[in-house]
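Engineer: The structure is given below, and queries will be raised subsequently.
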């Protein structure tokens with residue numbers, strides 16, 4: 001009965017996900033651009049407390065009223081976290097935004113911080129209180145289990161990460177258009193080689209635009225045929241040579257590989 005209720009809830013949630021009140025501006029701007037405010041309403045800012053202040057460290061995606069999806073490498077057991085929702089500019093008070101404490105963190109059991117290229121860079125955060133959905137706070141859709149996007153499929157990475165290698169940290173949410181690089185290409189020796197696994201998804205690699213420091217844990221947003229946006233990736237890692245390095249696309253945890261894990265964690269917690 002509990003499982004039936006959960007599945008019903010997930011299905012009901014899926015009917016009202018990935019469809020922003022304020023649709024994003026989908027352009028081909030090279031180098032990224034400021035996002036339309038609240039056009040990625042599942043995007044969250046994961047923040048940690050230090051000396052009485054809160055600091056942005058990673059992105060994440062709201063996938064249920066009480067659950068946020070992020071990267072395992074964003075999590076440190078010694079830190080206290082909260083999640084900022086409905087945000088655009090992280091440094092001004094914004095109407096309709098929320099800050100909610102994290103009550104539980106579930107990191108994938110096979111994640112190893114010393115071997116990031118082995119994958120499983122995924123974590124779920126349970127919020128201390130479920131959030132009410134508004135025009136500025138909405139749920140992300142997740143793709144069907146096992147979905148593989150074709151080469152050159154257009155997606156958008158979003159976050160408050162650095163604008164370029166060693167560059168400035170933006171106040172407002174940024175978006176960048178990235179084309180998916182298929183596994184055969186991304187795992188070739190001229191690209192990422194054996195560092196990339198089938199449980200990952202690559203996007204970018206043109207030497208111009210990519211995810212960067214501070215984007216980690218955030219979504220790779222890809223539009224489905226029905227017009228809804230699905231989070232296909234979680235920002236995982238990039239090249240030590242720089243954020244925008246040629247033939248070193250951003251590497252994401254492939255969400256469709258972990259749908260069963262996500263549902264299991266939510267069902268049991």
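Cβ coordinates come from backbone N, Cα and C, glycine included.
Just lifted these from Swiss-Prot, have a look:
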type	residues	note
ACT_SITE	73	active site, charge relay system
ACT_SITE	121	active site, charge relay system
ACT_SITE	216	active site, charge relay system
DISULFID	58-74	disulfide bond
DISULFID	155-222	disulfide bond
DISULFID	186-202	disulfide bond
DISULFID	212-243	disulfide bond
DOMAIN	29-267	domain 'Peptidase S1'
SIGNAL	1-16	signal peptide
Engineer: CB neighbours of residue 216 (active site, charge relay system) within 10 A?
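Structural biologist: Result for residue 216 (active site, charge relay system): 24 other Cβ atoms within 10 Å.
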Engineer: Compare the C-alpha of residue 155 (disulfide bond) with the C-alpha of each of the recorded positions 58, 121, 202, and give the closest one.
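Structural biologist: When the Cα distances are compared, 202 comes out closest.
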Engineer: Counting only residues 6+ apart in the same chain, whose Cβ is under 8 Å from the Cβ of residue 73 (active site, charge relay system)?
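Structural biologist: 111, 113, 116, 121, 216, 217, 236, 237 - these are the non-local Cβ neighbours of residue 73 (active site, charge relay system), listed in sequence order.
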Engineer: For residue 58 (disulfide bond) and residue 202 (disulfide bond), what Cα-Cα distance in Å is obtained after rounding to a whole number?
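Structural biologist: The Cα atom of residue 58 (disulfide bond) is 19 Å away from the Cα atom of residue 202 (disulfide bond).
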Engineer: What's the number of neighbouring CB atoms sitting within 10 A of the CB on residue 155 (disulfide bond)?
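Structural biologist: Around the Cβ of residue 155 (disulfide bond), 24 other Cβ atoms lie within 10 Å.
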Engineer: Could you state the CA-to-CA distance between residue 222 (disulfide bond) and residue 202 (disulfide bond) to the nearest Å?
Structural biologist: 13
Engineer: Would you mind reading off the Cα separation of residue 186 (disulfide bond) from residue 74 (disulfide bond), to the nearest angstrom?
Structural biologist: 24
Engineer: Return only the integer: C-alpha distance in Å from residue 202 (disulfide bond) to residue 74 (disulfide bond).
Structural biologist: 19
